[in-house]
Amino acid sequence: GLPVCGETCVGGTCNTPGCSCSWPVCTRN
């Protein structure tokens, strides 16, 4: 739930394990 993945997901996907896309950034649940 916290935006600590340091990754963006403008394309709709996150590469960081345990992270999901909350456009336009990846968040960790």
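Any Cβ shown, glycine's included, is placed from N, Cα and C.
Annotation in Swiss-Prot places C5 in a disulphide bond whose other cysteine, of C19, C21, is C19. Taking the C-alpha positions, the distance from C26 (disulfide bond) to C5 (disulfide bond) comes to 6 Å.
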